[in-house]
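The next block holds one structure in the form of structure tokens; read it before the comments.
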Amino acid sequence: MKPIWGKTCLALVVSAAMGVGVSAQAADDCPLPGNLRVVIGSTSTGGDTYQVSSMVVDQLADKLDINAKVDAVGVMPGFQALQRSRHGNTIMIFHDGAYLGNLYGVNGYPNIFDQYVVGPTIAINPGNAYLVPKGSPYESMSDVIEAAGNGKQIRVAIQPGSVSEIGFSALKNAVRLKYPGKESNIVAVNTGSQADKNQLLFDGAVDMINGSVQANEQYTQLPADDQKAMRFVWLTAREDTIQQTNESGMGDTTREQLLGYTTPNVSVPMDDSQDFTFDKEFFFLYNKDMDPAAIDCIDNALSDIYDQGEIQEQLKKAFFVPDFKPSKEASSYLKEKNDQNQTIINDLEG
Amino acid sequence: MDILSHLTPMFFGLIAAGTLIGIIFGAIPGMTATMAVAVCLPLTYAFGLENGIALLLGLYVGGISGGMVPAVLINIPGTPSSITTTFDGYPMAKRGEGERALKIGIVASVFGGLFSAAVLFFFAPVLADFAIKFSYVEKFLIILLALTVIASLCSNMLMGIFSGVLGVWLSLIGTYSITEGGNGEPRLMFDFMQYYLVDGFSLLPVLIGLFGLTTVLLDAEKGFKDDAVQGKISLKGGAKFRFNVFKGQLLNLVRSSGIGTLIGILPGVGGSAASVLAYSQEKNFSRDSSQMGKGAPQGIVSSESSNNALTGGALVPLLSLGIPGDSTTAILIGAFTLQGIQVGPLFIGNNLDTWYLMMIALVAANVLMFGIMYFAIRHIAKVIEVPKFILYPLIIMMCVVGAYAINYGIMFDVWTLLIFGVFGWVAHKVGLETVPLIIGFILGKSAEVYFVKSIESYGNLTIFFTKSPIAAFLWVLIAVSVAFAIYLRVRNRRRPEEIES
């Protein structure tokens, strides 16, 4: 038995060494490690961040002939892992929450534009939505703004410090613009998961919740006498973004119907001249010391992937909008978006 | 889609493979059903939805069931929900009844699993409507009810309550995360600890530290020299397993499976609460619970039937509301979203074939789990005969690997394991009670979130008493549970005096 075990072990060691050699070799024209860890700012494998990341990372790994794995570690462990990885072994994918957390002053959220390198954007989740119970007296966002202006308290379930809150802030800002001093009638009920937000609506503890087309669409199909029945009143995505989704929309709600809940059909004023819109965008983040050649390499690989078009179909099938911008363009674009949202938040803080 | 065309050897092979791998994951301290499902999630791309789901459900059922193996044999709960299995399983193993204890657990598990599968199949939409009656207030009261088990389980009431409160306090170290609706501010720690403790101490490293490492340290202190001749646990000598051990256990089985299913249905309450609640209810309401905690089969029955009943229960909100019932189904939902399947209140109606296939997979996974474990357990149980000086280093190694892997490679989790291993040893020396402490730790964070959110949502404390008839009923259960614990304590104190007189 012994010689067989010896030979088996030797074979294993040799094949392992060959495997390492092959993966290192494959990455020669691109200074990326053969094993790439992609952490995401969410612990959920059922959420949009994991979904988008796994689609894009799978294609990226194929393109670069490397092993890449998405780890749903969450925000802080994600930033910490990124901070430690100076040689590009770990990169991160997250969404606008990465900078919104910092704008809202959430403890531990860094200024990503200073402390990390902002990489390419990859997709938009156009489904960020606000919903009311089906029997709610509020038929539209204008009704909500009017009610708040007339002294009615509107309770909104959100997850604080992230994408969920920015729409809430915009609503508050819209009330402030039309009825200065009345914005305090828009009250946040801070909560966590989508389940918690839904539950607060079922309980009648809030008037409106932040949700998503993907998670809440089926609730909008329920009959009005069902305690769980809901109705969309606002999609924060731009009209142009929704136009890029499949015509069939999501579930039993067509794209045409979804457009009815977006600007200009729904108006939540940001200032005197324009309405507030917000696309929830996913993008890469790198360690500050990441080799620029590696960043270029990922940019180029993604550019090829998006040119081929297969990823577009995959993303659209899952109700995402493909949105590739290379690192430099993405960085300046997201910085601008950051500054715009900062203005709204600052205005509300007075 | 024709259902029969999906019932291929591949479909059942994947269930069997998933169940076996799940059992192995569950049996290794630090590895959990959740981890098994997470690791295999990307495979659903390759296998397609139906086969992928078959694999994941096998992993889920196997992972939950496998947790009983280390709980019984080496006093380390393989998964958090098997914590109560250690209370009676390990004392039985020490008496040479390890195989018997495991077989009792396996039968109870399959009962719980099939019970909850039946409930899921026949009542899912109705139960989902019932589940949404549970707001933050009712969920807080359920956690409070589970916490009352501390009064039943401690040997010294004052020290037990103190240990439980200490456990709650330890669970609150970290931040009240914004992802749970908190403010994200750190508390109960110094500034330099923030980097490591931003999310607090992880449950699994704490659990295996307090149970596993502490046991190793305490035994190491005694020394292993006599192990070979005296202290060694043997598989022979104790009573053999007979199915008549379940005589008189039907009520326990049904009640515990019912509790497990109910807790599974309530999103966010967590699997550990299920087994803790089922165990405490058996302790309080059975005719004779005097041997519970000392190696009574009824304890294993309540613990294992409830934690396996969680599987079907947690699938109820997933498939009827699109909301995962526990941490494992939260990953399972990823299998649907990755395939572009919408999960929500219309899921079952829109995907009838997938629904039936899931039910078949769930039942098959339970039956296969029974088959695999029942007949393999005789060999698995032999681990207990391995001398401790060989077994313990292996256990420590597995604990360290498990702790490191649980959050995708966080070194501080290994330190947590070691810190709590030593803490458990010190606690033992100063008389702190580990079981109430860990129950406080497991339930503390949920208690805080539900308490704070109840106040935030409804505005005042009276809501806990006036929210709903369910809340009032839960208060009655809490009062009865505490009263029973006190009554039992007084009765047990009197008995020796009566015997003496």
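Residue positions begin at 1 at the first shown residue.
Placed from the backbone N, Cα and C atoms, the Cβ positions cover glycine too.
Under the heading domain 'DUF112', TrEMBL lists B:14-439. Summarising the annotation, TrEMBL assigns transmembrane segment to B:12-41, B:53-76, B:104-128, B:140-173, B:193-218, B:329-348, B:354-377, B:389-406, B:472-490.
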Per Cβ pairs under 8 Å, the stretch of B:53-76, B:193-218, B:329-348, B:354-377, B:389-406 packing most closely against the transmembrane segment (B:104-128): B:354-377
The transmembrane segment (B:53-76) in contact with the transmembrane segment (B:12-41), cutoff 8 A, at least 3 CB pairs, sep 6+: yes
Two-stretch contact, the transmembrane segment (B:12-41) and the transmembrane segment (B:329-348), at least three Cβ pairs under 8 Å: yes
For the transmembrane segment (B:472-490): best-contacting stretch of B:140-173, B:193-218, B:329-348, B:389-406, by Cβ pairs under 8 Å: B:140-173
Any contact, the transmembrane segment (B:389-406) to the transmembrane segment (B:140-173), with at least 3 Cβ pairs under 8 A: no
Chain residues outside the transmembrane segment (B:193-218) and at least six past its termini with a C-beta under 8 angstroms from it: 29-30, 32, 70, 74-77, 80, 83, 86, 170-175, 177, 186, 392, 395-396, 399, 402-403, 406-407, 410, 412-425, 427-428, 434, 437-438, 441-442, 445
